[in-house]
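Novice: Structure below; questions to follow.
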Amino acid sequence: MNPLQFNLRAKVGYLLSKVQEGESLSKLLDDQLNNITEKDRALFHQLVLGTLRYWYNIKAASLPLLKKDLNNPYVEGLIYLGIYQLIFTRIPPHASISETVTAVKQLGFSPLSGVVNAVLRKVSRDQENFKQIIVNAHGLPSWLYKRLKRDWPEQIQDLCLALKEHAPLTIRVNQKQTTRNNYLALLEENHIEAKKCNFSQSGLQIFSAIPITQLPGFKEGLFFVQDENAQLASEIFDKKLDGKTIIDACAAPGGKTTHILEKFKVNKLIALDNNENRIQRIQENLYRLKLNNSNIELINSDATTWQSKENIDIILLDAPCSATGVIRRHPDIQLLRKMSDITQTVELQEKILNNMWNQLSIGGYLLYITCSILKIENENQMENFFSNHIDAKEIPINNHWGIKQKFGRQLLPVDQFGDGFYYCLIQKVI
Ligand SMILES: C[S@@+](CC[C@H](N)C(=O)[O-])C[C@H]1O[C@@H](n2cnc3c(N)ncnc32)[C@H](O)[C@@H]1O
């Protein structure tokens, strides 16, 4: 059958199988969206994201229904998709079941359509019971659950629930173009509901469901979409960055680079990243936000080896990480990350840290950041760093947000608030 003739569930099932094979959802969505009619796009998104969000909850509830492992990622994904529709959407059960069973056949697995039909009918007959089992499951891959429970024994239950929530839409008002109050007034004029963020001085949370590009002033660069907790990087520095030479060591797509340029009058900013396509995105963002000045240099290079030719006052190191703090926005991370990846990521972070530290002038500061909630990438990474660098001194971040750690501060994702982030500020003292 021509894939273009697949029903919507088959298109979702195909995409879910690709995520199971290790492809990232944002790239798949970019590639697939042209195959989805305009009127189906909202439902397509809901079904993909919803099924991935509750993947491990549904897995826990559906395993006892299967006599043996199906060993078929397409059919596994379609069963979860069917159950997601039955438990979490208002789609009539008969439509959820028949559309999903048709998808199984369209994808070439007719012999398994009877099993899928039987499982979905069973769930449909006993919806309340299954809903309880699903919402009571921790809903994470077991390696991640064990690690989080070890790292956050007191917070683990709230954390599991928070990771299933929808993250709020938060923007950062471009202070070079307008003020937060003026932009809030503009939103009110356009009947768009929003409120000021608690911790970020330029953040606004948007409540109205509206495409980002239709918010007023998108093209003019009046704002940038950025989680509130990601905005804290620039808040930590207060006025300290005026006149400084700065490296943003892992800069793409430029969220923190552009914030620094909006907030401070820097001497020079070098934005480094080893991904050429993503460097292009920094360029686009600089251009849209009207921050494209001659004192900014974009460099496509590897931060584990790159050498600076000039004295560097400040390094922002927003390290590549497990991204476990942003699972709410990217639920595919739950399927994509494996324990072995974490070990490699921690090693990469250490290499980048060591090389960038060598680029920093004495008296300068390095801000280490991750969007991870795993201590091995955060507090433990810093503990290791301080034990190997007698020239490093922690500068405590005395803010109200987050949880103070032995080194640095950790923010955990909280319903209606920001994502999981970690910050540690270090000064080079000798
Ligand atoms: C967490 S993201 C950075 C987000 C960015 N700071 C922002 O606020 O928009 C991490 C970045 O590190 C980059 N990266 C990964 N390994 C790298 C390396 N060895 N050298 C330089 N950049 C690297 C990735 O391409 C990715 O863009």
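Using N, Cα and C of the backbone, Cβ positions are placed for all residues, glycine too.
Sequence annotations record features per position, and here TrEMBL assigns active site, nucleophile to Cys371. The annotation S-adenosyl-L-methionine binding site is assigned in TrEMBL to Cys250, Ala251, Ala252, Pro253, Gly254, Gly255, Lys256, Asp273, Asp302, Asp318. Annotated domain 'SAM-dependent MTase RsmB/NOP-type' per TrEMBL: 159-429, in sequence order.
Looking at the shown structure, can you explain where the listed features end up?
Specialist: Following the DSSP three-state reduction, the secondary structure of Cys371 (active site, nucleophile) is coil. Within 10 Å of the C-beta of Cys371 (active site, nucleophile) there are 25 other C-beta atoms, taking all protein chains into account.
Cys250 (S-adenosyl-L-methionine binding site) falls within neither a helix nor a strand when secondary structure is assigned with DSSP, and so counts as coil.
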Novice: What three-state class does DSSP give Lys256 (S-adenosyl-L-methionine binding site)?
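Specialist: The three-state answer is helix.
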Novice: What residues, ordered by sequence, lie under 8 A Cβ-to-Cβ from Ala252 (S-adenosyl-L-methionine binding site) and sit at least six positions away in the same chain?
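Specialist: The answer is Ala271, Asp273, Asn275, Arg278, Ile279, Arg281, Ile282.
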